[in-house]
Amino acid sequence: MRITNTLTGKKEEFVPIQPGVVRMYVCGPTVYDLIHVGNARPAVVFDVFRRYLEYRGYRVIMVQNFTDIDDKIINKANQLGVDYKTVADTFIAEYWRDAHALGIRPANFHPRTTDFVDDIVEIIERLVEKGVAYQTETGVYFDVRKFEKYGELSKKKIEDLIAGARVEVDETKKFPLDFSLWKKAKPGEPCWKSPWGEGRPGWHIECTVMSVKILGESFDIHAGGEDLVFPHHENEKAQAEALTGKVFARYWMHNGMVRFLGDKMSKSTGNIFTVREAVKRYGRDGLRYMILSKHYRSPMDFSEELLQDYSRAVKRVWEILGRYEKSGDIGIPKRNAVYEEYVNRFVEALDDDFNTPVAVSLIFELARNLSKAMDDNDREDALLYYHLIRREFGPVLGLFDLNEEKKEVSSEELLKLLIEVRDVLRKEKRYDLSDRIRDHLREIGIILKDTPSGTEYTVE
């Protein structure tokens, strides 16, 4: 398997640190509004990448965070006249509703920034002790000139970054590119205690701390949109490597941006099309097909007309599948030479820098073959093509997936709620009730594992 590593700019063979296990961190949303198609792209891309790694036999430990304290969240709370927690909790719940509708499987861990403030303070203290961070009257900053490899990920020199980048304007900083680790609280803002006074974490330190605490000081893959390469991922890398002296993430994967009406789709400009509206009008598979039909590193143009075209193409495949399912002949085909050839083509495509356009095209080729086999009354070939779509490739791509249909009986939001309720019960030492929740979930195939970083679960 070869993937393009942003760090080196090259397509490299993927070799995990621990054989058979992949640890990956995907930057998640700042929760102050509904997610849009631009947010959906990394969610779908890395959902499928995780599925494919599992298909290839890897055990994947995936983390996707929620930034639940941020200027945008505070501003939204002020607009609505509510507490910042209300905004964060509301839009995390809305995220799960949209993610479930889009067929996004939950990561193993979904940490919130506010659950890691003590860890963040501890890490900042260590950075200050190492001399790579300093305190000012407005907070604590990372001194980028103390980290020799700053700019390595974005492939830019410090002087070029100063000229072209968006940086925090603060006259108390030693250097324009120095970035905030801890922001001193303004009147009325939510805040936490620290050695530098009451305040809250900076954006970049959040992801560094959550990834290191859950996945370890070095892990395999760090992923997100290409707009995060600088400053967010560059700063994450600088903090982590200055702290530990180790390589932070071995492979960096970044998806291209979604363009809508000629510009990048963005909440800040109001140039958006929500996932909820897209799925409501054109269906889950239509949107997933649209996203996967473009190579993940390429920019993606979005329009409602294009989405409608993808939705129509998906509908035709569903009609072919429905026609076959009426025959009732849904068994297990023989893995003959034709079957193996398709599997090899599928693996070859996704092993080559995760080429989903080729992988998705195989499903449509199989659908055409299935239709012809039914016309020719070739039951053996028809079963083979049907099985490849519904049980072999569909579950990997999250398209036409028979397994997903069965799972929709259980609600992801309900599972998350049960886990949160159980955590509260455990903190209150009401172990009789918390154990009952754990045992009942085990009976339906959901296995809980309590770790220092939170509750992890797997579905058997």
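Note: Cβ is positioned from N, Cα and C throughout, glycine not excepted.
Computed from a predicted structure; not experimentally measured.
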Annotated motif ''HIGH' region' segment (source Swiss-Prot; candidates 29-39, 84-94, 238-248, 271-281): 29-39
Stretch carrying motif ''KMSKS' region' according to Swiss-Prot (options 264-268, 294-298, 309-313): 264-268
Near-site residues: Zn(2+), ref Cys27, Cys207, His232, Glu236, CB cutoff 8 A to centroid: Trp203, His204, Glu206, Thr208, His222, Gly224, Leu228, His233, Asn235
Integer average pLDDT (0 to 100) for the motif ''HIGH' region' (29-39): 95
Integer Å distance between the CA atoms belonging to Cys27 (Zn(2+) binding site) and Lys267 (ATP binding site): 17
Secondary structure content, the motif ''KMSKS' region' (264-268) (per DSSP, counts of residues): 2 helix, 2 strand, 1 coil
Residues of the motif ''HIGH' region' (29-39) by DSSP state, where helix covers H, G and I: 3 helix, 2 strand, 6 coil
